[in-house]
Amino acid sequence: MPAIKTSKVHDQTITLDASIGWYLKVCLSLSKSYNSFHIGVSFMQLYTDAATAPDNHQSAAGILIIDQGQQHQFKQVLPNSDNHTAEFLAAIAGFKTLLDSYGSAVSVFFYTDSQIVADSVAKGYSKHYAVELATLLHLQDQCQLVVTQWIAESENHGAHQLAQQGLHLKH
């Protein structure tokens, strides 16, 4: 089975794969409103999204970090690119922001509405976005534990709005 992430938590190696990701959340009573293991590991939530203007390919990232119920919102101009590249760049920007703000001792649920980002992280491979994926995985490896979850666009409203606002920042 393809591994999503192998990490050390309290000196225990944990490997998550796509087929048990949902089961792990249920078994550990994890949800968006209660985001900690019973053993006391607290999870932050990171939502990222990209917006790309179709006429000129200007792109921006929306980043939403939730730490113990407190929301931290960021928007960032990205290099002009296609939407898939922008989604990877938004995820990279999100992890850079998370690591810069909180350091590497964080466990995080990473939510993206980009199927290609979620699938590439799960497989550890992307034919067309190998450089971006390698950068993203390197940043994720700096965290204690990362659980990547694809979500529907309708569930990523906060990051989506921030990305749309980011398009209006000066490029």
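Here the Cβ of each residue, glycine as well, is placed from N, Cα and C on the backbone.
Bear in mind that TrEMBL entries carry predicted annotations, made automatically and left uncurated.
Owing to the predicted nature of the structure, the values given are computational and were not obtained by experimental measurement.
Features reported for this protein in TrEMBL:
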type	residues	note
DOMAIN	40-168	domain 'RNase H type-1'
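Shown for the domain 'RNase H type-1' (40-168): DSSP residue counts in helix, strand and coil, namely 54 helix, 41 strand, 34 coil. The average pLDDT the prediction assigns to the domain 'RNase H type-1' (40-168) is 96.
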